[in-house]
């Protein structure tokens with residue numbers, strides 16, 4: 001039934017200079033009512049029937065007559081509308097109006113239909129909608145027909161096909177355009193994803209031998225392409241000899257490909273060869289795309305040959321699919337070859353082609369190749385877009401080349417290409433990882449100035465970076481800012497704050513923050529517990545760590561192997577190795593966890609420190625029995641244990657075993673064994689191990705050279721130590737202060753003060769922080785060797801360098817002067833000490 005709708009008055013000009021509202025046509029639930037002209041009451045459109053007409057009870061005839069005679073525009077816009085009180089039109093009369101107009105004035109019927117709906121929001125009956133649909137079908141106005149039926153189905157909804165079909169078959173069976181209306185109805189049902197309704201209409205059309213268009217079939221094929229019903233429909237198309245379109249085959253092939261039935265897709269393609277709408281470039285592209293996604297690049301290349309065999313020419317999309325597949329597979333040379341082949345066949349590489357190639361080089365970490373592709377783009381007159389630049393920035397940042405990433409950002413901005421949130425996030429992450437947090441914050445401000453809203457990821461990156469740089473207060477400030485913007489932190493953000501606090505010895509603040517979190521909905525987050533337990537362990541508070549472990553057990557939170565690794569480390573650090581091993585055997589197994597390589601390595605290192613090699617090797621065998629592979633750190637611990645027992649040849653053999661098992665020793669491994677050989681006075685083997693490091697492209701650390709220089713100074717030739725240090729300085733190899741203090745100490749012991757002074761000056765020039773203790777150390781050694789004049793010279797150098805002596809160093813040199821009989825120098829120094837407030841009482845008594 002039709003709903004009463006009131007509308008605001010839109011007044012129209014009439015001959016008698018009386019204003020009637022154009023919105024006066026109002027339909028009630030069962031009728032169209034006429035009301036008197038009133039600002040609050042609805043009125044109706046009337047006809048030109050005279051007030052004195054003896055039979056005004058059925059106005060349909062007059063309305064239809066006026067519409068035919070005047071035309072639609074004059075009927076609604078001029079003085080042919082008069083007011084009749086109590087005039088009412090029921091639904092059947094409205095339907096009769098359209099029924100009369102559809103044969104005599106079909107265009108007026110359509111205009112009136114749309115006018116009533118669009119201006120008054122009038123809901124037409126099913127019958128009226130179908131009448132107008134047949135008018136539109138008869139005039140081949142199929143777009144309007146589709147629109148009318150779409151509006152009707154929006155109101156009717158799903159499962160309405162049976163009742164609508166019944167109306168069509170009962171009231172419109174003999175209408176000439178019924179076939180087109182039924183077909184469009186099925187099409188609209190399919191387009192609206194009411195597939196069961198569409199199939200119902202199709203079944204009724206089949207019973208009446210009505211023709212179904214290929215557009216309707218294609219729409220249903222598309223919706224059903226992942227089901228077996230699709231083949232029943234396709235068989236129906238073949239049986240009915242319905243002319244197929246270029247999309248029919250493509251839809252079926254897409255369905256097969258989406259189900260990864262690539263072989264079936266190829267067979268179907270071959271079966272349709274020779275038909276009017278057989279294999280197309282689109283169909284081949286679909287199969288090629290699926291092959292590449294499944295990693296079958298060879299099959300994709302074969303499809304290009306098949307395409308050419310059928311007389312089809314690959315387009316840019318075809319080549320881009322294949323080039324992308326080869327890039328993902330890492331076959332960049334082949335991808336470049338197909339790019340050249342593309343150009344030979346007259347298909348120009350587009351921006352997407354170059355973007356795919358650039359991304360391929362980026363995936364392999366070959367940023368030089370990616371940049372060359374960009375240069376080719378520029379030569380071809382194609383400018384890199386945001387996607388290309390973003391891929392390049394990501395690539396450079398992934399390999400740690402932040403400078404190039406920032407240069408690309410500058411290039412983008414100079415070309416008027418604004419960065420997106422992804423580009424900024426990648427740059428921020430790389431800057432934070434490289435410790436350039438201040439630059440990251442500047443870039444963050446630029447991002448916000450550019451109108452890009454920072455999200456949770458962006459804030460989390462910065463908070464994590466600030467915490468790593470010990471700028472916890474700034475991180476908390478950013479955290480508060482994020483929350484004020486209703487960006488709610490996740491586990492990663494909370495972890496960053498907690499980690500930052502714990503690593504910066506702010507355990508009390510970390511505990512307060514942690515307690516606040518665990519009172520909320522994050523109580524199940526084992527990561528937060530692990531951070532806190534690890535923090536307590538590192539600062540030696542194993543009691544608090546165990547208390548937190550008991551808390552999470554009470555809350556029935558499942559601990560992870562990381563939880564146990566931290567606790568085992570803490571127990572070992574406190575000398576409770578036996579208790580730590582019980583945890584390994586009991587608690588870990590109790591929670592259904594398996595000890596990891598890290599778990600065993602922590603325990604083995606504890607046994608190594610105790611010198612308990614029996615238990616160490618016992619654990620190593622247990623690891624192998626459980627198929628838990630040792631890491632290079634595990635082997636380093638074992639090597640350290642062997643070195644402690646002076647089993648140097650066994651340590652060498654274990655080093656060889658590491659390479660045999662595919663494990664690469666690190667600098668700590670080599671430093672451990674080199675130091676042991678130096679202590680054993682086997683300097684030759686120590687240097688052979690150093691050469692082996694270089695052979696394996698393992699860069700020695702400053703600690704490596706400290707060990708070697710110390711070995712030469714203690715157990716070798718001091719000249720060799722001088723030569724090594726000179727060679728390292730010449731090669732601009734980074735050294736620590738220890739290397740210089742070691743060789744200075746050796747020359748002082750030998751009595752070669754001039755060399756000691758030279759190295760001391762080198763140490764100062766290198767920018768190392770020099771303290772009074774460095775001078776004191778040299779003076780002490782010179783005094784012990786009774787090199788008084790040399791000690792005095794070094795003392796004077798210290799004074800000239802602006803370092804004020806402390807009481808200890810003054811007492812040492814005063815005592816040396818006294819023992820050497822240089823009383824005048826002793827009293828001179830004593831006077832200076834008194835003036836400085838350093839009173840040498842015992843020397844004044846001597």
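We number each residue from 1, going along the chain as drawn.
Note: Cβ is positioned from N, Cα and C throughout, glycine not excepted.
TrEMBL labels come from automatic prediction, so no person has curated them.
Since the structure is predicted, the reported quantities are computational estimates derived from the model, not experimental observations.
As recorded in TrEMBL, the features of this protein are as follows:
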- 280-314: repeat 'PPR' (REPEAT)
- 315-349: repeat 'PPR' (REPEAT)
- 350-384: repeat 'PPR' (REPEAT)
- 385-419: repeat 'PPR' (REPEAT)
- 420-454: repeat 'PPR' (REPEAT)
- 455-489: repeat 'PPR' (REPEAT)
- 525-559: repeat 'PPR' (REPEAT)
- 560-595: repeat 'PPR' (REPEAT)
- 631-665: repeat 'PPR' (REPEAT)
- 701-735: repeat 'PPR' (REPEAT)
- 736-770: repeat 'PPR' (REPEAT)
- 771-805: repeat 'PPR' (REPEAT)
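Counting only same-chain residues 6+ beyond the ends of the repeat 'PPR' (701-735), those with a CB under 8 A from a CB of the stretch are 667, 670-671, 674-675, 677-679, 681, 683, 686-687, 690, 693, 742-743, 745-747, 750, 755, 759, 762, 766.
Tertiary neighbourhood of the repeat 'PPR' (420-454): same-chain residues 386, 389-390, 393-394, 397, 400, 402, 405-406, 409, 412, 461-462, 464-466, 468-469, 471, 482, 487, selected by CB-CB distance under 8 Å and a gap of 6+ residues from either end. Within the model, the repeat 'PPR' (280-314) shows a mean pLDDT value of 86, rounded to a whole number.
DSSP labels the residues of the repeat 'PPR' (315-349) in these numbers: 26 helix, 0 strand, 9 coil.
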